[in-house]
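Would you mind keeping the following structure in view while I ask a few things?
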Amino acid sequence: MGCTLSAEDKAAVERSKMIDRNLREDGEKAAREVKLLLLGAGESGKSTIVKQMKIIHEAGYSEEECKQYKAVVYSNTIQSIIAIIRAMGRLKIDFGDSARADDARQLFVLAGAAEEGFMTAELAGVIKRLWKDSGVQACFNRSREYQLNDSAAYYLNDLDRIAQSNYIPTQQDVLRTRVKTTGIVETHFTFKDLHFKMFDVGGQRSERKKWIHCFEGVTAIIFCVALSDYDLVLAEDEEMNRMHESMKLFDSICNNKWFTDTSIILFLNKKDLFEEKIKKSPLTICYPEYTGSNTYEEAAAYIQCQFEDLNKRKDTKEIYTHFTCATDTKNVQFVFDAVTDVIIKNNLKDCGLF
C-alpha cells in the first residue's frame, strides 16, 4: 500500500500550513504595532517629545501650522514676564530703575492684545525694558521660588525677532511653547517598519484619572522626569517637591500589576537646565542625605539611582534609562532610535519570533 496522501489529507495539510502562516503573519503584524504611553508629572516634557515625533518622523510643522502657534508664543512670553513682575512684589525685590514701575503698569494694560496673537511695538518696548532691568533679572535668578515657564528666557532674550510684524514661529519656537495638556493626545507615525501609536496624557494630578483606559495592550511606557525639578514645588501643591512627586508617580507605574510585562523607559529630561541649575542650587534641597558633589555627572547619576531603586522587580524587569533634552531634536532622534531597538527586541520575544 502506497504512502500517497488522499485529496482530503492534502487539503488538511494545506489548511494547517495556511493557519500557521496566518498565525505567523498575525504575530508579525502584532509585533509591528506599538502602543506607547507617555507618562510623567506635569511639565516634565511629554508634549515636547510628541512634537519632536512630528518633526522627526513626519514632515514637521508646516508654515501654516507654525503661524497658529504665534498666539501661544506671545501668551507664553507675556505670562513669563508677568510671573516675574508679580514675584518681585512677593520676594520684596525692587526695580533697578524706578521708571520701570510705570512700564510694569503698562504691561498689565497692554497684555490682552498679545494673547490674541498681536505684539505691538509699544508692548514689545515695555517688555524689553523690563527684561533688561537689574531687579527683574535678580528676580528671574530666583525663579525656583515661584512658578515660571522653562522657556521664559528663550523667548524674552529673542524679543526683537518674535515682535516683528511678519514673525512666523520656527520649529524650535513651537517646541518651546507650553500649553497644559488636558485629556489625551494621540499621535501616529511609522519608524523602522513599526506602526507607533503614542498617547500623551496630562500630568497634573487632576488629569491622571483619565490615564486608566489607555493602559490596555501598552507595548512600552516612556516616563518623563524633569531633572531640573529637584528644587521646585508643584504648581498644584506648593508643599510638595516636584521630584518627590515624580518618584511617587514612577513607583506607582513601575510596580503596577498592569505593567508587569510592559517595557518601562525612563527619560530623565531637561538635562540642559539641570546642568546649569546644579552649579548654584544644591541637590540636598531635594535629597538631604546626598553627600556627593554638585557636578552634573554625579548629581544626575544619583537621581537615576533614586528612580531605578524604586523598581521592586529588578530580577525580572529592566528599566531603560536615557538622559534627554526634549527641545534638542538630534538628542531625541538618537534616544528614540535606541528606544525603538529595545521595543523591537522585546516585541519579537513576546511574539516568539526572537
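Keep in mind that glycine also has a Cβ here, set from the backbone N, Cα and C atoms.
As annotated in Swiss-Prot:
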BINDING   43-48, 150-151, 175-178, 200-204, 269-272, Ala326  GTP binding site
BINDING   Ser47, Thr181  Mg(2+) binding site
DOMAIN    32-354  domain 'G-alpha'
LIPID     Gly2  N-myristoyl glycine
LIPID     Cys3  S-palmitoyl cysteine
REGION    35-48  region 'G1 motif'
REGION    173-181  region 'G2 motif'
REGION    196-205  region 'G3 motif'
REGION    265-272  region 'G4 motif'
REGION    324-329  region 'G5 motif'
Translate the DSSP assignment of Arg176 (GTP binding site) into the three-state scheme.
helix
I'm trying to understand the geometry here, so how far is the Cα atom of Asp200 (GTP binding site) from the Cα atom of Thr181 (Mg(2+) binding site), in Å to the nearest whole number?
8
Pop the mean pLDDT for the region 'G5 motif' (324-329) in here, whole number is fine.
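For the region 'G5 motif' (324-329), the model's average pLDDT rounds to 97.
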Mind checking which residues reach the region 'G5 motif' (324-329)? Cβ under 8 Å, same chain, six or more beyond either end.
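Counting only partners 6 or more residues beyond its ends, the region 'G5 motif' (324-329) has Cβ contacts under 8 Å with 45, 48-49, 52, 55-56, 171-172, 175-176, 224, 267-272, 335.
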Measure from the CA atom of Ser47 (Mg(2+) binding site) to the CA atom of Asp150 (GTP binding site) and give the result in Å, rounded to a whole number.
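About 14 Å separates the two Cα atoms.
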Residues sitting near the region 'G4 motif' (265-272): Cβ under 8 Å, six or more positions beyond its termini, same chain?
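Apart from its flanks, the region 'G4 motif' (265-272) reaches 40, 44-45, 49, 150, 220-229, 250, 296, 300, 303-304, 307-308, 319-328, 335, 339, 342.
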List, in sequence order, those binding-site residues among Glu43, Lys270, Ala326 whose Cα sits within 10 Å of the Cα of Thr181 (Mg(2+) binding site).
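Checking Cα-Cα distances against Thr181 (Mg(2+) binding site), the binding-site residues within 10 Å turn out to be Glu43.
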Mind checking which residues reach the region 'G1 motif' (35-48)? Cβ under 8 Å, same chain, six or more beyond either end.
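The answer is 150, 175, 178-181, 185, 196-204, 207, 211, 214-215, 217-226, 229, 234-236, 242, 245-246, 249, 253, 267, 269-270, 324, 326-327.
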Hey, what's the Cβ neighbour count for Ala326 (GTP binding site) at 10 Å?
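So the Cβ neighbour count for Ala326 (GTP binding site) comes to 27.
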On a count of neighbouring CB atoms within 10 A, which of the binding-site residues Ser47, Thr181 is highest?
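It comes out as Ser47.
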Do any residues at least six apart in sequence from Lys270 (GTP binding site), in the same chain, have a Cβ closer than 8 Å to its Cβ, and if so which, in order?
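In sequence order, the residues whose Cβ lies under 8 Å from that of Lys270 (GTP binding site) (at least 6 apart) are Ser44, Gly45, Asp150, Ala226, Leu227, Ser228, Asp229, Cys325, Ala326.
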If you count the other Cβ atoms within 10 Å of each Cβ, which of the binding-site residues Asp150, Asp200 comes out on top?
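That would be Asp200, with the highest Cβ count within 10 Å.
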Work out the three-state DSSP category of Ser47 (Mg(2+) binding site).
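Note: Ser47 (Mg(2+) binding site) is helical by DSSP.
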Just name the winner among Lys46, Arg176 (the binding-site residues) by count of other CB atoms within 10 A of its CB.
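Counting Cβ neighbours within 10 Å, the top one is Lys46.
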When DSSP states are grouped into helix, strand and coil, how many residues of the region 'G4 motif' (265-272) land in each?
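Secondary-structure breakdown of the region 'G4 motif' (265-272): 2 helix, 5 strand, 1 coil.
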